[in-house]
Amino acid sequence: MSGKPPAIFLMGPTAAGKTDLAIELTKVLPCELISVDSALVYRGMDIGSAKPSREVLAAHPHRLIDIRDPAESYSAAQFRTDALQAMAEITARGKVPLLVGGTMLYYKALIDGLADMPPADAAVRAALEAQAQALGLTELHRQLAEVDPESAARIHPNDPQRLIRALEVFQVSGESMTAHRQRQFAESSGADAGAGGHLPYTVASLAIAPTDRHILHQRIALRFSQMLEQGFVDEVRSLRARSDLHAGLPSIRAVGYRQVWDYLDGKLTENEMRERGIIATRQLAKRQFTWLRGWSDVHWLDSLACDNLSRTLKYLGAISILS
């Protein structure tokens, strides 16, 4: 093993069983948990994000859960800063950071770093969110293609958070996000843990998922139905009662929340909301698989196996990550 301290990434698609395995690992290894999930950062968004229960969190604390109000944005850059601080604190106590979740952009930000982009501008962002509401995301994507075609080619037209951020960077700085990244890459050769540097840890990357994709789809449908039974609609209704929340915010655009919001807006029937929520979650899982297929040195585990804890411990022992 190198001189860098160890860290463990436990990745995988939604509904794969990441949290359960992570908790089992903390019972036998000197690990502390860090959540890697863009929905779990928001307070008051518990049911639709499949947030661990209060009892579970009390027994097995996760850092970076409930750290933002739904009216606030939370970027990959902010996550990287927060996660690096949490990892350093855990390491200083002689423990191992165990990062668990499915927001693959956050993992990539940790591993590869991020270009040093201009900070968020609340006024510019509000104006862009208003445009998105009034004109639609297709128009924002067209605007981005005019000023930053490279970013437009990378960002899906239905990804409001990344579209708005790319346009925000251009409007605030006068330079495209692509130009910022290219300059940062040229300047940051040899950097370590800065915004554009690499992660100063030796990482064991694990991914868990059912080998049968049909099983994952069944799990997704079952979990969405369970969320509805647990009061998901009422949770979103409470969010809608706040005057500072709207459908253009990153929190409300989260999978599941946007479909229930549209249902409460009268845009969808209950059956349509359920169907679209399940489809959107399956699409999220597909994107997560796409990220993971391109991930180097990842060790796969089958969600359906009954001995994943022992398999994980055997793998970690084989690569001497904790020695």
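Just so you know, glycine gets a Cβ as well, placed from its N, Cα and C.
Listed in Swiss-Prot:
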- Gly12, Pro13, Thr14, Ala15, Ala16, Gly17, Lys18, Thr19: ATP binding site (BINDING)
- Thr14, Ala15, Ala16, Gly17, Lys18, Thr19: substrate binding site (BINDING)
- 37-40: region 'Interaction with substrate tRNA' (REGION)
- Thr103: site 'Interaction with substrate tRNA' (SITE)
- Arg125: site 'Interaction with substrate tRNA' (SITE)
- 161-165: region 'Interaction with substrate tRNA' (REGION)
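Positions of Swiss-Prot features highlighted on the structure.
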residue: Gly12; record: ATP binding site; contacts (Cβ under 8 Å, 6+ apart): Lys18, Gly102, Ala207, Ile208, Ala209, Gln288, Leu292, Ser303
residue: Pro13; record: ATP binding site; contacts (Cβ under 8 Å, 6+ apart): Gly102, Ala209, Leu216, Leu284, Ala285, Gln288, Phe289, Leu292
residue: Thr14; record: ATP binding site; contacts (Cβ under 8 Å, 6+ apart): Ala50, Gly102, Ile220, Val255, Thr281, Leu284, Ala285, Gln288
residue: Ala15; record: ATP binding site; contacts (Cβ under 8 Å, 6+ apart): Ala50, Leu216, Arg219, Ile220, Arg223, Thr281, Ala285
residue: Ala16; record: ATP binding site; contacts (Cβ under 8 Å, 6+ apart): Gly102, Ile208, Ala209, Pro210, Leu216, Arg219, Ser303
residue: Gly17; record: ATP binding site; contacts (Cβ under 8 Å, 6+ apart): Ile208, Ser303, Asn308
residue: Thr19; record: ATP binding site; contacts (Cβ under 8 Å, 6+ apart): Pro52, Val56, Val100
residue: Thr103; record: site 'Interaction with substrate tRNA'; contacts (Cβ under 8 Å, 6+ apart): Val36, Asp37, Ser38, Phe79
residue: Arg125; record: site 'Interaction with substrate tRNA'; contacts (Cβ under 8 Å, 6+ apart): Ser73, Ile164, Glu168
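Listed by sequence, the residues of this chain that lie at least six past the ends of the region 'Interaction with substrate tRNA' (37-40) yet keep a Cβ under 8 A from its Cβ atoms are 48-49, 51, 62, 64-66, 74, 79, 101-103, 105-106, 250-251, 254-255, 257. Counting every protein chain shown, the number of other Cβ atoms lying within 10 Å of the Cβ of Lys18 (ATP binding site) is 24.
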